[in-house]
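A.B. asks: Structure below; questions to follow.
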Amino acid sequence: MAPLVLYLLTLLMAGHTSASWCVCKTGLSDSVLQKTLDYACGNGADCNPTHPKGSCFNPDNVRAHCNYAVNSFFQKKGQASESCNFTGTATLTTTDPSYTGCAFPSSASGSSGSGSTTVTPGKNSPKGSNSITTFPGGNSPYSGTPSTGLLGGNITDATGTGLNPDYSTESSGFALYYSNNLLLTGFCSLVMML
């Protein structure tokens, strides 16, 4: 009987995962959030829901749109924790940031979109410009390569420059994201054996 209970407990614990979302940090200026938003939208995030008539357009402010964009980017990168850094302007959360009418994806499959992404410029855009078309994997919203400042490189332990320079699309490695689940399963198994 004990082996059966242990087996069922192990299956129960191994099957439990908690969803993760990425959101912009509080206390940052709108200009910093706008740069983060532009980067995420210009590098593969599905920002269409934040456009006028989109399900996540309201509230129409930089923070809300930034939250949706960085989460979309994070989900498209397979929830790799380093893809939610944006040089310190975003953070991981286990609290669902969705609100009435706007569902934030909690997995890569829930973050749809392919091909080109249309990015709505910020308030400081030249008059007459309605949108900028960028393509996944390229076309950074910045001119040139930043070298200093909040969004620049110039970090001694980084391997690249920009908001998220160390993200790797390498998927052959193994990462243990929910180590506390493994520890809890091991502890429960040990208790069951005694």
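Any Cβ shown, glycine's included, is placed from N, Cα and C.
Annotations per Swiss-Prot:
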{"type": "COMPBIAS", "residues": "106-116", "note": "compositional bias 'Low complexity'"}
{"type": "COMPBIAS", "residues": "117-140", "note": "compositional bias 'Polar residues'"}
{"type": "CARBOHYD", "residues": "ASN85", "note": "N-linked glycosylation site"}
{"type": "CARBOHYD", "residues": "ASN154", "note": "N-linked glycosylation site"}
{"type": "LIPID", "residues": "SER171", "note": "GPI-anchor amidated serine"}
{"type": "REGION", "residues": "106-140", "note": "region 'Disordered'"}
{"type": "SIGNAL", "residues": "1-16", "note": "signal peptide"}
A.B. asks: Applying a 10 Å Cβ distance cut-off over all chains shown, what neighbour count does ASN85 (N-linked glycosylation site) have?
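C.D. replies: Taking all protein chains shown, ASN85 (N-linked glycosylation site) has 20 Cβ neighbours within 10 Å.
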A.B. asks: Kindly assign ASN85 (N-linked glycosylation site) to one of the three DSSP-derived states: helix, strand or coil.
C.D. replies: coil
